[in-house]
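What Swiss-Prot records for this protein:
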- Gly38, Pro39, Asn40, Gly41, Ser42, Gly43, Lys44, Ser45: ATP binding site (BINDING)
- 5-237: domain 'ABC transporter' (DOMAIN)
Amino acid sequence: MIEPLVVEELHYSYPDGTAALRGITLALGTGENVALVGPNGSGKSTLLLHLNGLLLPGRGRIEVGGKPLSASTLEFARRFVGLLFQNPEDQLFMPTVGEDVAFGPQNLGRKGEKLRECVRTALERVGLEPARFLERQSYNLSIGEKKRVALAGVLAMEPEVLVLDEPSAGLDPRSRRRLIRLLTELPQTKLVATHDLDMALETCTRTIIIDRGQVVADGPSDQILADRVLLETHGLELPLSLGR
């Protein structure tokens, strides 16, 4: 069976020469929910930006849906992998919510009633009533609403893999709980970069720790996230639900 996402010996350095990723190797199985955790500056966001081709590897190989990621396969990769940015302001740029959510599928050729139904379905999936939100101006929304609109825009593309960068950051408790429920319901393969280790424990069966651009641990979440020494060695703390 083809694994939806494979990364082998991925290296990447910033333009100033700073090494951001140093030999990252990982693979995600179909339908798997995986948390990606690590301290600030560990390379999490840089890795995610590689997974739908916003950054291309310095060295190493990425396969998306069985196809090597390269300049010639970017269109396929960006349909296959939906990326949610940490800051929704980086993702919302159209005048209204409806236009933001429609942007992706419209560029894939959807139009008319099929496009409208796609937008309505995506908004409903993230708990936003189309009648209330379609004509809302994105810049007037709360941070939680903006994050949900951004996620609706990703879901409207119907990707096979969801790559989410700090999806719970800035959310109030009710919005966070709604997000957790949604993550457990969505059928896609998911890679979730987060500092919210309680959310990781609740939504992801597997956890990968990266530090200084390298994978330092990879295993079942209930083992990785209960290992106080391992977590503290890499600038993390036990989830609150496990006690500190």
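Placed from the backbone N, Cα and C atoms, the Cβ positions cover glycine too.
Features recorded in Swiss-Prot, as mapped to the structure shown.
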residue	record	CB count, 10 Å
Gly38	ATP binding site	25
Pro39	ATP binding site	15
Asn40	ATP binding site	8
Gly41	ATP binding site	14
Ser42	ATP binding site	24
Gly43	ATP binding site	24
Lys44	ATP binding site	26
Ser45	ATP binding site	16
Take the mean position of the Cβ atoms of Gly38, Pro39, Asn40, Gly41, Ser42, Gly43, Lys44, Ser45, the recorded ATP site. Which other residues of that chain put their Cβ within 8 Å of it?
Ile210, Asp211
